[in-house]
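Asker: First the structure, then my questions, so here it is.
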């Protein structure tokens, strides 16, 4: 497997919760993928800067400050992507689990859009699937705003399959969802309207195969709603039984964010693929020495996923459908065949 290596610059404006805090404390608390000692060295060596200037460890962050962090990144070469449909306006692909839909966090090349841009030109996602989720992904080749408006108007219908704990009863969940600083999502009355319908397709050995139909498109919506009703996706590392904290009503963490793990890191950091020219060999050596190489989350997540699959999307009378993942076939359910259509 070919390994892609490059420098990356991460930049962000200071967040409200960082104001009046020392920069070393912010990085050590919020970005725990690296040690405090690393951040001390990165700040002292100018690898982490504020407003393009070196700052001391006790620099107090202010509103309007822009923080920059240079990293050395390794990524696997993208795999082949199955094209389900293509037109001059959009593509429909079968996204594998473990691959990002678009550049985010440590993902740049190992993403659907970048893997296809050499052939199709600039692309943007119409819908987005979480990194561990597989299935139908719609990609715009032209004006994605048109399709986003269709998504909001519910003219694009979608159906997912999930394997969950327990014998789920058919139901509709209408519970607002709120993004919290740690990067997770919680059910909260102050959140955005979120609605998902669930239908039990089959039950076997203590697990249900569930059809999930989201009517809104919130981050982690299906995963959080399933957790909320007591039927989490069984191998979901965030919202499954791996996490014992309650996720209803308030954040369940201390506000920390791991920049190497968080899927929505583009909400925190915007990055450029090529870092500014690093002339000082000492600085370059420090960055490479502290590179995670193939130990980062991109490689760890490469062939892993959760039991959530985007099976069908319907648009303007067209239905796009993928093959069934093996964990769905385990149920031997006759309801799921080539004639299956979502309700």
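Start at 1 and count along the chain as shown; that gives each residue its number.
Backbone N, Cα and C define each Cβ position, glycine as well.
If you look up TrEMBL, you'll see 89-227 marked as domain 'Pseudouridine synthase RsuA/RluA-like'. TrEMBL lists 130 with the feature active site.
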Asker: According to DSSP, folded down to helix, strand and coil, what is the residue listed as 'active site'?
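Answerer: Once the DSSP labels are grouped into three classes, the residue listed as 'active site' ends up as coil.
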Asker: Using DSSP, how many residues of the domain 'Pseudouridine synthase RsuA/RluA-like' (89-227) fall into helix, strand and coil, respectively?
Answerer: 25 helix, 57 strand, 57 coil
Asker: Using a 10 Å cut-off, grab the number of neighbouring Cβ atoms around the Cβ of residue 130 (active site), all chains included.
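Answerer: The answer is 21 other Cβ atoms.
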